[in-house]
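Student: Sharing the record's features from TrEMBL:
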type: ACT_SITE; residues: His258; note: active site, proton acceptor
type: DOMAIN; residues: 23-94; note: domain 'O-methyltransferase dimerisation'
type: DOMAIN; residues: 120-329; note: domain 'O-methyltransferase C-terminal'
Amino acid sequence: METVERDDSRLEMERELMDMGVGYWKSRALNYVMEDNIAKHLQNGPRSAFLIANEIGVNPEFLYRVMRALSTQGIFKEEEEYGVFSQSPKSAILCENDWVNGVIFESEDFAYRSWFSFRESIKSGKSMGPKSIGYDSFWDIVEKNPSYGAVFREGMTVFTNHIIHTILNETDFSPFETIADLGGSQGVLLLSILKKLPSVKKGINFDLPSTIDNNKLLVSEREAQHSSTTLSRFTEVSGSFFDSVPQADCYILKMILHDWSDEKCVSILTTVSKCMKPNSKVYIFDAIIDSKNQPNYKVWLDLHMLHHVDGKERSRKEWGELASLAGFQVVEITPFSEKYSRSTGKIVLSKSA
Ligand SMILES: C[S@@+](CC[C@H](N)C(=O)[O-])C[C@H]1O[C@@H](n2cnc3c(N)ncnc32)[C@H](O)[C@@H]1O
């Protein structure tokens, strides 16, 4: 048989293609160690995988092999002594509940199972993920599975906490007296705005009834983190942004419109348009697709939104088209200085004249 000589760059490309093809091996192994909190067992120093396995009731040899595989990605460090691992900088991050909740949300079973039907979405042009696992939509999964709902809300708070500082530094909310965060989830962004700007008299966190009900569990956490002057200006209202929203000077839609098709986004913006004052502004914090042929996390997120949520990440042009379809004009589209976030930019709208 003739042997083909391969240069290094060809071998590297083959390696990368294979790595992508088997990406689910890494995703599933990472998801497993996060779900079983394996990194926390190394917080006080190196430990044997076999002893950890016995403590948590899993197969010792299999756990060893999972940790060995992950150590090749810098998650755990395999020591000289057989079966013993120590904490690495990456596995130490897995001990921070804050961050892990975000990664768990994206790698957990509903999302993974939903991706089995990816090809069906591409063929049909419809978002088939949730339907293929027996649900009407992503929101149906959230409503019917309370523990998944909790993972979702925690995940959103993680993603928002990562970008709050940038949003506050690069957005001027000072002209507004009343700010409504539509789909504000656990309210962390709005509370930070109220804390920073005493001139904002009222913040309304608006979300679905199930979310606002769940937020009642956050009362003591909020009291520990915020002063009574901040909390006294914060209110929560439940409802649907397809029906009606409270009146406000500024509406925040953060990681909301990327959840929905253009048609649904026009419905949401039309509701806002009906309820707003003539001079109110809409602040959208979402991705702005702005490059081609470059590594770009946002276009991968776009595929997940396409298949699992029936949503979309948008370019500047697409944001402009969406705004005008809903009777708005774009005041500003500005990318944030922080690039590795989901809401990498702000799109500010006002009602068209
Ligand atoms: C992707 S999360 C974004 C949460 C938050 N804005 C953030 O950036 O962290 C979408 C939010 O929209 C809420 N939501 C979904 N459908 C809604 C509706 N019809 N009316 C109001 N809120 C809704 C969800 O409950 C969830 O809190």
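Think of each number as a place in line: the chain as shown, counted from 1.
Using the three backbone atoms N, Cα and C, a Cβ is placed for every residue, glycine included.
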Student: Using DSSP, how many residues in the domain 'O-methyltransferase dimerisation' (23-94) fall into helix, strand and coil?
Tutor: 43 helix, 7 strand, 22 coil
Student: Count the other Cβ atoms sitting within 10 Å of the Cβ of His258 (active site, proton acceptor), across every protein chain shown.
Tutor: 23
Student: Name the secondary structure element type, per DSSP in three states, that contains the residue listed as 'active site, proton acceptor'.
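Tutor: Going by the DSSP assignment, the residue listed as 'active site, proton acceptor' falls within a helical segment, counted as helix.
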